[in-house]
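Asks: Pasting a structure here, questions to come.
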Amino acid sequence: MAQRIFTLIFLLWTAVGTPQVAASSFGQKLFGNSTTSRFLPVDGAFAFEFQQQGNQLNLRWDIHPDYYLYRAQIKIEGNGATLGKVELPQGESHNDEFFGQVFILRDRLALAVPIEQAESGATVKVTYQGCADAGFCYPPETRTVPLSQVLATANTDSPINTLSGQTAPPQTTPMPFSPWWALLIGIGVAFTPCVLPMYPLIASLVLGRKEQLTPRRTLLLSMTYVQGMALTYTLLGLIVAAAGLRFQAALQHPYILIGLSVMFIALALSMFGLYTLQLPSSVQTRLTEWSNRQQGGSVTGVFCMGALAGLICSPCTTAPLSAILLYIAQSGNMLAGGGTLYLYALGMGLPLILVTLFGNKLLPRSGPWMQYVKEAFGFIILALPVFLLERILGEAWGIRLWSALGIAFFGWALMLTLSSKKGWMRGVQLLLLAGVVISAKPLQDWVFPPTGTAQTHTSALNFAPVANIADLNSALAKSPQPVMLDLYADWCVACKEFEKYTFSDPAVQNHLSRITLLQADVTANREEQNALLKKLQVLGLPTIVFFDTQGKEIPGSRVTGFMNAEQFQAHLQKFSP
């Protein structure tokens, strides 16, 4: 009797439970297992760790094989903290059909973030994004890292490794150019029309005496004059860098960077002759009188003359000097600030040393070429706002700005050579023309994108937009047909491949004509979009979700990763009416 009761219970359970299980199993077999399992969750693909060691924050990603991070999408921002410069590895070049040449990072990524100052409760926001080689891309991932308090002291440039007890090398903010470039800039400024003709006069004032001096004495006096001038410039560099270090956090603000860029552009325009920048004439006259009172020929007098000469800025030196000072202030690097200005002054003084030793015969003849040197420095100064604006506008716009600057410089140089009759100049003109063409390539690709490059999101299908969970629920409730929800983002390469190769296929479009089409664009990564992705349990893109007429997701029908037109059509035939 008991055995019969047990058999009856078993048959009832089978009758009730088996259809559901069977239906689910049938759906799995019919549509194939959900392809979500093909891809790892974001924490499995990019395992992220962090550790603060004194005033250094160490970030680490363990990147799973066949996955990669986009170098340009790694962003680190401090909240209540001032962070130093973070150097990212170059990565490997990756040619993408839709985004062009990009750099990606594989295997492992370790970054050391200098913390110059951190308030109590400060945090660091770390954003990163990556994809799988199979074409599956993850939304931008943001992690908030808490920081321990770090006081802004003179020792904050030397992070202490609390694990080993060893002091790491000082962390400084690197400048875009080596300070040694300042030496070449100083030499170049010496050959501008406001400076070069003055060297014979300055040489006579430095030597002072009419009797013949020994070469050693002449070299000593000229070097003393240059060192006096260099001292003034070095002190200016140290003062400005110290001020910049104190207000470095404010100087990183976008509005400040834009203001500095405008000032650099104004300084560059003065080098092109649009207007003149110099000290007020009354101040220059007084400084000149003080300089003339010094006794030429004596070491002390010549040193004072050089120190005062460093304050007398001619129209040709004001703009380059101001540009260097502004950039030093923005970098906040005292060592580089003082050294850069010293080398700049030394470069300006080298022609003077040669004139005092060998006379005027070593100086080139004056001519229009000196004005060309001055204008060339205008282009050099224009490079500085590009460096600053690139931080705000991003890498893509930075390349376009460099492109525009390259076109302007090579075009200007080409125009200067057109009047030359010399045969060898034709080769120079060809090189300059090639420079114009190469520089124009990024702008050309932006204005006239190559075939296959999508500048705006356009679809071959007529999707109804869905912005959030409420929109999706409303659309599902109203639709008398099955529903296909396409989750799209501009940063998703495979999403663009779906648009170009799959949704444009006539057979696919014919099947989809009997289905309500919805699309959620999650490019902006807003909170409501993230909530939608979380509700649908979407790991990454592309993801396409199918719902039945009751608004329920059809088991096993979800698509993750790219499918070509033939594969997608076969998938649709399994459940489309």
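Using the three backbone atoms N, Cα and C, a Cβ is placed for every residue, glycine included.
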Asks: According to Swiss-Prot, which candidate among C316, C492 shares a disulfide with C495?
Replies: C492
Asks: Which residues, given as numbers and ranges, are at least 6 beyond the ends of the transmembrane segment (396-416) yet have a Cβ under 8 Å from it?
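Replies: Residues 372, 375, 379, 382-383, 386, 389-390, 429, 432-433, 435-436, 438-443, 446.
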Asks: Which one of the disulfide-bonded residues (C131, C137, C492, C495) has its C-beta surrounded by the most other C-beta atoms within 10 angstroms?
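Replies: Max Cβ neighbours within 10 Å, all protein chains included: C495.
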Asks: Give the mean pLDDT for the domain 'Thioredoxin' (437-577) on the 0 to 100 scale.
Replies: 87
Asks: From the DSSP assignment alone, can you count helix, strand and coil residues within the domain 'Thioredoxin' (437-577)?
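Replies: Output for the domain 'Thioredoxin' (437-577) reads 56 helix, 23 strand, 62 coil.
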Asks: Please report how many Å separate the Cα atom of C131 (disulfide bond) from that of C492 (disulfide bond), as a whole number.
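Replies: Answer for this pair: 9 Å between alpha carbons.
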Asks: From the Cα of C137 (disulfide bond) across to the Cα of C495 (disulfide bond), what is the distance in angstrom?
Replies: 9
Asks: Quick check for the class: what is the C-alpha distance, in angstrom and rounded, between C492 (disulfide bond) and C137 (disulfide bond)?
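Replies: Cα-Cα distance, C492 (disulfide bond) to C137 (disulfide bond): 6 Å.
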